[in-house]
There are 2 protein chains.
Amino acid sequence: MTASTTVRLDVPRDDPFGIHNLPYGVYSLPGRDPRVGTRYGEHVVDLATLLGDEVFAGPSLNPFMAQGHDRWVQVRAAIAAALNGDVPRQAVHSAADVTLHLPFEVADYVDFYASEHHAANLGRLFRPDNPDPLMPNWKHLPVGYHGRSASVVVSGTDIIRPCGQRKGPNDPAPVFGPSVRLDIEAELGFVVGTGNTLGEPVAAGRAEQHLFGVVLFNDWSARDIQAWEYVPLGPNLGKSFASTVSPWVVPLLALTEAKVRTPVQEPEVLPYLALDEPWGLDIDLEVEWNGQVVSRPPYAAMYWSPAQMLAHLTVNGAPTRTGDLFASGTVSGPAKEQRGAFIELTWGGAEPVTVAGQQRTFLEDGDEVVLRATAPGAGGARIGFGEARGRVVAARQGREV
Amino acid sequence: MTASTTVRLDVPRDDPFGIHNLPYGVYSLPGRDPRVGTRYGEHVVDLATLLGDEVFAGPSLNPFMAQGHDRWVQVRAAIAAALNGDVPRQAVHSAADVTLHLPFEVADYVDFYASEHHAANLGRLFRPDNPDPLMPNWKHLPVGYHGRSASVVVSGTDIIRPCGQRKGPNDPAPVFGPSVRLDIEAELGFVVGTGNTLGEPVAAGRAEQHLFGVVLFNDWSARDIQAWEYVPLGPNLGKSFASTVSPWVVPLLALTEAKVRTPVQEPEVLPYLALDEPWGLDIDLEVEWNGQVVSRPPYAAMYWSPAQMLAHLTVNGAPTRTGDLFASGTVSGPAKEQRGAFIELTWGGAEPVTVAGQQRTFLEDGDEVVLRATAPGAGGARIGFGEARGRVVAARQGREV
């Protein structure tokens, strides 16, 4: 190639989107169809063009993810090699010029509840008379429930305040209207690249073969709707209106340096949940509310690991598929400023926090929340996750189809 | 056409698959790709051939369903007209010669809990000290939860006994193994043909525009796994191993004669759940266990109607999509022999029933359960739903991938 058709990309090795990260996403240019790209520094690099592989020419990561773990390893090496050399100029776009899309088609979505600090805080808030804030099953299995795949949206999508039923403990009857206790949950989401067949569980030690990558995940939650509806079958409308994911899927292959032991699991877990190697993740999250960082939840404090979540999800023979997404549940650490949901941070609204000079409890219309995270990468680099951003807009009433 | 290339199909008007039914399914012949057909008497008629419409040439109803309500009306009339005339012989197969497949791609799946008799029976079994067997929210909203789409299987698929954690109230710790309280739930499933956009709820009075059809649904349930896991976020592994649907989707357009008022809803529902016209369904179900009918659950006794379920599902702005499936929850009537789950029929296992000469409570390996149903059709006909059949096979242990 001549100099005019190629370009050398000079990205510092410690850039959050440096050579040790190489996340996958789906981008588009104005008037063009979405395609798969990687983020490299401030560049978005088209992978079909870079690698000459048509699996990246479409609007979803699913076809590539379905090719399996060996291909993920090969392609990652090929991208790194290509980015270290002359890159076709037409493959390179400025991150500022592209629109980012939901990076994969979500198959089944499950939300876990894997932070002991979060579960215990909610237990203290909702069941103050119980001597143990955790439910009896909590340390024996990663508790989780299925949620709505259709309302998983990409960062930047406005969050319409949901309407629904709520009933306070002293209200004579439920009322209908916009949620008045709209909250966030700062989580990580894990993306299944290749699933398992019905009847064939994924052993915890084999999770690495199935898990493709990690996204930021904001499980927006209407606490008033949830509190009234959730007995006895769990959350539904209080959660199903929207969940925000970050546009860049960080490969699990980029997170080998982030692997740490989970906290000690005592009582000992059943054999199908036991792990020979560390599967905790030393990922530091950050919750920004109207421009101010209000919490820094440490993922390393999570009790249950994603490998255990996947083993549990499938131990009854349930199948998973390419594009399955399971989220961790709220990431909360032991300290108050490490709590990943406002219901915990403000202790059920009783202890407002100061946000940009105002005393605040739950979300108001116009509020914007941004999740960010970093993890240790190879050679002392930090791996960036980009952001999961959402702005709350006023409820729509009387608009029905 | 000459006599040798067409055929007249002589099906009695009161056949359960007569001219007033015309359900949609996906069938295949040996060595051929699956295609959309209708069932007419003992025939399966290929719709792409009958109507010359390629939307039916594929392995799923989704493309046709996505075309919307007006098309559903037109195509139904066109099929009826075509079947009353000369039918291309190559479009006609014997039902005995075809394999039936899952008729649609399941998008999001939600299970409701819409029978007052079922909810009250479970309340009495699980919370005997409560004066009211229903939860406080139960008469104010159709309680439901999301389930696993990937494990929705077509009638005839073997049901592998799931393994999982269980812990009896007096056990010191949970144990792992095959479920020992494997049960059924006889339900109807409602298939969304065209969805709603995020932020735009479906009004209850507009449900007819979105709902395509009805299937039989067996929500196989491992009661021991469910009892241990479900607090506080609802059922997960106790349900996610398999749900069986019947292969023929009966169009809602075939069920106009089956519309009846739901039982009186008192207290009055909130306006978004109010309906001007009857949306109950007079559908008689039948549960066969090892060849013996053990229960006849009446769908007409269901408290919440499918129109209310869809309005509730979307009232917070959650989107639905073509292929969304929501099930009613166990259909149980007021009488013992109308209970649609064995946990109710045997009162938690305390009152065994006689099945083929044996005293039985929960499912044993080798047991087979078949759900069937009929509804009133036009001109005094009965509309048949076919069957949802499943046989329990032994748990697989030690098979992990």
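Glycine is treated like the rest: Cβ placed from N, Cα and C.
In the record from TrEMBL, residues A:GLU185, A:GLU187, A:ASP219 bind Ca(2+); the candidate from A:ASP97, A:ASP108, A:ASP111 listed for the same site is A:ASP111. With a 10 A radius on its CB, A:ARG127 (substrate binding site) counts 14 other CB atoms from all the protein chains.
Following the DSSP three-state reduction, the secondary structure of A:SER243 (Mg(2+) binding site) is strand. Residues from the set of binding-site residues A:TYR113, A:TYR230, A:THR330 situated with their C-beta under 8 Å of a chain B C-beta: A:TYR113, A:TYR230. The Cβ neighbour count for A:GLN226 (substrate binding site), using a 10 Å radius and every protein chain shown, is 21. The shortest Cα-Cα distance from A:GLU187 (Ca(2+) binding site) to any of the recorded positions (A:TYR113, A:HIS118, A:LYS239, A:SER243, A:THR330) is found for A:THR330. Neighbour list (A:TYR113 (substrate binding site), Cβ cut-off 8 Å, at least 6 residues apart, same chain): A:ALA119, A:TRP138, A:PRO142, A:VAL143, A:GLY144, A:GLY329, A:THR330.
Within 10 Å of the C-beta of A:LYS239 (Mg(2+) binding site) there are 27 other C-beta atoms, taking all protein chains into account.
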